[in-house]
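Written below as structure tokens is the structure these notes are about.
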Amino acid sequence: MHRRKHSTSATSRRKRAVDSRRAKAVGDKSEEVDKEASDDDERPLSPRDDDSVPAVEPPAPASLRLPQDVELLPGFSAPPGFDEPLPSEDDKDETDNTSSAEGPTDGGAEHVNFEGLYYTTYADNNTHQEIHTPLADLATSSHSCRVVRSVPAAVRRQLGLSHFYQRYTEAYGIPVLSSARVPDAALRRACYIVRFLFADVRAVRDSYRRRRGRVAVIGRAERTTQIPEHSSLGPAWDGRARGLGATESAPVCTIGEENLLNYGYPADRWHTEDIGLHEFAHGLHLLGARYALPDWERRLEAAHRAALRRGLWTNTYAATNHIEYFAEGVQKYHNVEAYSQHPNGIHNHVSTRRALLQYDPTLHQLVAEIFPCGNTYISRRQGGFQAASDSARLKLEYPSCRLEGSTTQPSPTRRPTEGTTRAPARRTTTARPPSVACTDGHHYCSSWARAGYCRSNAGYMTVHCRRSCGVCGQCADRNGHCADWARRGECTANPGYMLQSCRRSCRVC
């Protein structure tokens with residue numbers, strides 16, 4: 001879910017009308033995926049079908065509205081698994097300056113979401129002016145995710161944080177927060193997601209940090225509206241949302257403990273979804289990429305409009321608007337999206353990076369621009385995910401994409417680093433005659449090549465669009481270390497370089 005600041009003067013005149021429209025609002029990802037388990041839910045994440053590609057120009061759909069029988073707004077009662085005693089208002093520190101559902105406090109501001117479908121207010125300890133004043137300090141290149149401690153006084157003062165927040169860690173200077181009721185493991189996992197999302201593009205990370213972006217974990221026994229920045233949303237949101245994306249006026253991404261740590265159903269109503277990645281992607285977008293990457297936002301909006309005109313994403317959540325289009329794309333790109341053989345109002349068959357490239361290469365490209373270093377996301381459904389998250393070493397800051405903790409940086413060409421334990425094997429390659437199969441495997445290849453995919457999506461293009469990418473000639477390695485790098489798995493880990501410069505060793509010719 002996402003909201004944009006839109007100043008207004010009063011709330012009472014609109015509340016009745018808005019309440020009647022609220023049931024039609026397209027909400028946060030967690031409310032959308034509340035559905036009964038079905039055969040589609042248990043299907044593998046990726047149907048390995050290379051032929052599942054769209055028609056060249058499918059007719060535009062008559063309507064992109066979700067079907068009437070899709071329940072967009074769950075009941076307002078607490079979800080199953082949340083029957084523990086909820087904290088009372090007395091549990092909050094007396095200095096916690098939040099507002100009730102009746103309206104904002106003096107520190108509040110009124111907002112309407114992008115579609116104008118629901119009306120909310122926002123309040124925290126900052127003044128309205130402070131909320132929109134960027135910080136002077138930039139993000140860092142380090143983290144302390146494994147060390148969960150009390151909220152530093154300097155951080156509390158700088159961001160005007162409520163005393164509801166008692167626990168803290170950070171990645172790149174971006175705070176990860178919770179009350180005292182949340183286990184440290186949940187903060188560490190949330191911190192890993194921050195590390196992963198903001199590792200690649202320094203400018204995006206800096207923008208999120210300067211706009212006071214942060215992350216908060218909602219405890220399993222806590223309500224969504226107990227998060228101070230969400231405290232004015234009203235009690236209905238406690239039944240419909242367990243995670244929200246950061247916005248200018250409420251610069252906090254939130255996610256429930258039960259989803260972060262994969263407690264499963266019934267504790268987690270949205271157990272098939274990585275809600276954290278989705279909601280944090282909203283923050284990356286709205287506080288980061290839209291400011292840091294010139295022309296990226298315009299291209300995203302244009303891509304969404306073009307996709308709908310072509311009939312893509314019909315009856316899915318990605319059709320909602322360009323913001324959900326991107327967040328859904330992030331989940332698919334990192335292979336943690338739920339799969340449905342047929343569109344069900346939320347998902348369709350596109351649930352993996354490979355399927356996304358075939359179905360909507362423009363969205364694939366826009367997401368790839370945020371993650372150019374090729375880090376692999378550790379899914380919460382993977383065995384031992386917590387230990388793997390804690391110990392993961394990521395590649396930072398394109399174009400160097402240096403490994404965390406590295407003292408030297410690889411060259412801007414992103415060639416794999418040479419091994420240190422033994423000399424890399426050098427082999428002389430014998431040129432082969434031009435391949436007789438110098439063809440394109442897809443009728444969109446020439447268009448994709450003109451759009452720059454031969455370089456940005458080399459893993460697919462140099463295999464399936466060889467003619468358009470001009471890689472048909474001699475079957476040779478351009479570097480004497482190619483064979484060694486290929487044995488170390490670089491053809492998969494670093495396809496942007498390897499599939500063009502080490503074609504023989506990677507067996508793409």
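Every residue, even glycine, has its Cβ placed from backbone N, Cα and C.
Per TrEMBL, the feature compositional bias 'Basic residues' maps to 1-16. Taken from TrEMBL, the feature compositional bias 'Basic and acidic residues' covers 17-36. Among the features that TrEMBL reports, compositional bias 'Acidic residues' is placed at 86-96. Annotation source TrEMBL lists compositional bias 'Low complexity' at 406-434. According to TrEMBL, the disulfide bond annotation covers Cys438-Cys472, Cys475-Cys509. Annotation source TrEMBL lists domain 'ShKT' at 438-472, 475-509. Look at TrEMBL and you will find 1-111, 402-434 tagged as region 'Disordered'.
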Reduced to three DSSP states, the domain 'ShKT' (438-472) has 21 helix, 2 strand, 12 coil
Cys472 (disulfide bond) has its Cβ surrounded, within 10 angstroms, by a count of other Cβ atoms equal to 16
Taking the Cβ of Cys475 (disulfide bond) as the centre, how many other Cβ atoms fall within a 10 Å radius? 18
